[in-house]
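Among the features that TrEMBL reports, ATP binding site is placed at A24, S25, A26, G27, T28, G29, K30, T31. The annotation domain 'UvrD-like helicase C-terminal' is assigned in TrEMBL to 524-814. As annotated by TrEMBL, region 'Disordered' applies to 946-1000. Annotation source TrEMBL lists compositional bias 'Pro residues' at 950-981.
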Amino acid sequence: MAVPDSARAQRRAADPRASAWVAASAGTGKTKVLTDRVLRLLLDGAMPQRLLCLTFTKAAAAEMANRIAGVLAGWSVMPDDALDGALETLLGAPLDPGPEGAALRRRARQLFARVLDAPGGPRIQTIHSFCQTLLRRFPLEAGVAPHFEVLDEREAQTLQVRAREALAHRALVARSPTTPGEENADPLAEALAEVAGHLDETRFDEVMAGLLTRRGRLEQALKDLGGAAGLARAVATHLDVDPADTPERILLAAGRDDAFDAPALRLAVQALLDHGSAKDGERAALMAPFLAEPTAGGRVALFGAYLDAFLTRTEQTPVKTLCTKAVETKRPGTRDVLIAEQTRLVAVHARLKRAGVARATIALMTLADAVLEDYQRRKALMGRLDYEDLILATRRLLEDGSAAAWVLYKLDGGLDHLLIDEAQDTSPEQWAIARALADAFFEDSSTWSKERPRTVFAVGDRKQSIYGFQGADPQAFDDARDHFKDRVEALGGRFETVPLNLSFRSTRPVLDAVNKVFAQKAARDGVAGADEDITHLPHRALDAGRVEVWPALKPENRADPEPWKPPVERIRTESARTRLARVVAAHIQRLTDGKTVLESRGRPVRPGDIMVLVRRRGGFETDLVGALKALKVPVAGVDRLVLADQIAVMDLIALGKALLLPEDDLSLACVLKGPLVGLSEEALFTLAQGRPRGVRLWSRLGAHAGARSEFGRAWAELAPWRERAGTVGPHAFYAHVLDGPGNGRRRLLARLGPEAEDPIDEFLALTLAFERGAPPSLQGFLTWLEQGDVEIKRDLDQGEPQAVRIMTVHGSKGLQAPIVILPDTLAKPRGTETLLWDTSADGHPLPLWCPSRALRDDTVTRLLEAAQAERDREYRRLLYVALTRAADRLIVCGWETRQTAPSDAWHGLVRDALAPDATECLDPFLVAAGLPEAPVLCLSAAQERAVPPTSAPPPVPVPAPPAWLEQPPPPEPVPPRPLAPSRPEDDPPALSPLGDARDPKRFQRGRLIHRLLQVLPEVDPPQRPARARAWLARPVWGLDDAGIDALLNETLAVLDHPACRAVFAPGSRAEVPLVGRLGSYVVSGQVDRLLVEPGRVLVADYKTNRPPPARVEDVERGVLRQMAAYRAVLRRVFPGRSVEGVLIWTDGPRVMPLPDALLDAAALGLDDTTTIPLETPSAAEGHDQTLDPLV
């Protein structure tokens, strides 16, 4: 489709006199079409308040409303020529030069005021917002509280948990049945016992939560079939079983004498024994006890072994060979007898399965009905509705009873045009609401006018229907289109079906890749119809683009441990997923280093240009965030975060539990071993083992606080926290733990890495959110957390992104990025659902619950296969969405597991589609980063359109600073104590973010490096590595080989650095004590390295902090004051010589000369220097003969 054709198609879709169904492929200007449609409706005379536009998200509604308001505001003040051009572009035709054109121009200028004055203006809302408005307007008709409030997801979860707990309590206090068929047994207790036989508590909660969250079909089934009892009868009828069937009853009937030909079977057993093979003998041995048992009741216990003679044990399918040829030859008819019995047993086995499914389904539905009733009651008492209630109550309001006619009559008088955005994501229940609204247009033909018809408009893309878990159904999308088309055309109206295939988003290589992938038969199912052609045309045909398919990363081969070797070392193997995260992070760092240009925009690639999309959250995103942060690449984190799954949050929750309940030994042990305290495993074992019965770990810790320093340190940390736990709210408590004197945040980050920063911040924010709606109790907060998973949803699409975005493909819907990376491409979804839906003979939806594989009969197998097929179709639609998020570049990569990747996984589909036309290239950088030495498939195009280079954005004007900001502060009071230059009186000591403030070894690295830099310059360079390694290997330091290598490499790098030659030149001195008086301060320090030359004095100070500052201006003020103090003293010691200061950061290393101006600013207040004589040096050194600080 060429650009003019696309413009014509968009204008057809926006025609206000026709209803339209727009199939808009990704990036084809869907929002523009929707906006143009509203503008043309308003220009055509539609009243703003009689338009209703339903969007999928609040963000989409806000964006569309802002676009329309912006256009109308612009029209109101545009010059005539500009307005004429805008209207001609919108209408696709020149304006009439006469009165008609003038009237249109005048109407366009007035629209902004008309929209502002209209009550409510154009109603652009999400479907839930519309339903909420409608229910507030008609609360009595809908049967809801007039001033209801909407529950958020967390509140709804809490009520559901309480309803489930109430159910369990009711069932447990009821009298349990003594026999399965006892008539007066409590139905809830029986149902709970049945369900508990299949599910643990966690899985039960998940199943019930799934039923309540999407309960539309369940409520409809209960309503249509007359409640739980009617549903039970319908399920039993559908499965062709008796509701009273139990395994014992079925087996008892199957074991009666008249149920099978016992004499013939006994003869068959004898034939197997007399003439058969060893296998025949085994089969006879399985059959004989059952046939020898004289009673049907006795045969029940033997039925399982008897069945094994006719069905395979693993698959439970009929055995193909029931007897050998020799048996049939010697005793003809034996095979027929065995086959007949096998046929009977297959039917019995199938009946057992069906009865098991029916029994499990009826039990689950009984519980679900009770939980649903209790949940609804709780909401009604609070005057609350949840989001599902909004949809279901609105549907009932518009479809059921006499009130529906009244409501539709009132609505019909206020609605002329219905517009639906993202129509492919609309669920059947939501389509029912849309149909009820639109059908009111067509009920009375007298209100229909061909000159100004009432219209229905929908825009969507079947290929992008990916919200099946929320009820979206592509078939419902097609059915709605056919329904509206029939209704419009029945009244003589026009219904336009408009495809849009010209992409304004993606470059040609990206679109070529999409076209090639979905041209394959394996990829088309579920994305396109059998005869539908998926072809995308690029509007950006002259822009550069690139698609890469990286070879899959394979798991490392794990070496088997040596036999009989004690397991004293943990064998560490890095997973392929983690290795791929590091490769992707390294590639992103390379892309954003300022050397890679985004050709279509004429500027370097920025971190915000990159979006990483995963199919599902499974750990890769956390690995990638950590890898990017380690490389200092800006990253926005992940779009969703389940707090309870984060290790840092687990540690904080365990801390709260341990302090509130000292008897909770497990939580306290987790805290002691975790990063907040950091006891070693040996220390924790010593503390915990050998306790007398009843002695708690907390008491043991207090009793042994004086026995070992680490126990005392742990007690000193935890005891004050325990006092605070019962007296302050959760926010104050955790803020103190994390950012107070204990430095809990730093400890967590040191152990868990920088990726723990986001979960910690979100957890702290959650404590504030809890306190806004509940009493500030730590116990209440922890209880609230346990009532359901807390998922933090973060908006990564707000404004111009400045950092790498990592999100799921579902979360990226509606977004785009110049560069998209797809790493999660080698796995396919596999269904774990056990609740299935079928349709009864009379058309009612029926739930079927199959909690185990052993109960899968033909009906369940058919439903499972259909569910898996639909899951695969949505999986391919998800691939379409993922590929089409890319504007300029697309990278497809992935990691393999030890299981063979499916051939129709995303990686294989893309690789196979591109292989014939792509070029192969080997990227040494990627191989060095960890990818296999296999070619990368590349599909690329060069930039053909001239693009002016984009300069950096203009600086934001900054207001002039106030005068006081540039004036020096008054001198601070002088403390009556000595001033150590490395510990200035107004600056606390800088602590490494990786250190533990109470760990005696936290300064070991710095002290060892200082000692090496003091001694090694006096050692011949070739001997330095060996001498240093021998010294570091002393047991007293407790270093392993990796620690020795790290310290040695860091020290030698400093000594070998070209900028450090003068510092370590012959004649320089190490660890020089220096004392002097600066005004009323007494300075006492020790210079790391001092070089005295005839014209200058060079003073150097080592810093082992990590990471070092990037610029000298970023150095901490305390460090600058230290160096300024040294300089002030040395200037008096060596008058007439320049004194230069330099900082040597060992991490890097980085040598940082200190400008005099910077030291002058830091030296304010360090004046009137008077030195203190130390010792008289020899005159040969050329120093001041009264002072020598080098002694």
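Numbers run from 1 along the shown chain.
Keep in mind that glycine also has a Cβ here, set from the backbone N, Cα and C atoms.
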By a 10 Å Cβ neighbour count, the lowest-scoring of the binding-site residues A24, A26 is A26
Those binding-site residues listed as G27, G29, and which of them has the most Cβ atoms within 10 Å of its own Cβ
G27
Can you tell me the three-state DSSP label for S25 (ATP binding site)?
coil
Protein Cβ atoms within 10 Å of S25 (ATP binding site), excluding its own:
24
Reduce the DSSP letter at T31 (ATP binding site) to three states and note it down.
helix
ATP site shell beyond A24, S25, A26, G27, T28, G29, K30, T31, criterion: Cβ within 8 Å of Cβ centroid
V33, D461, L500, S503, F504, R505
On the 0 to 100 pLDDT scale, where does the domain 'UvrD-like helicase C-terminal' (524-814) sit on average?
86
Excluding its own, the Cβ atoms lying within 10 Å of the Cβ of T28 (ATP binding site) add up to 27
Report, as a single number, how many Cβ atoms besides its own are within 10 Å of the Cβ of K30 (ATP binding site).
24
Ordered by sequence, the long-range same-chain Cβ contacts of T31 (ATP binding site) under 8 Å (at least 6 apart) are A60, E63, M64, R67
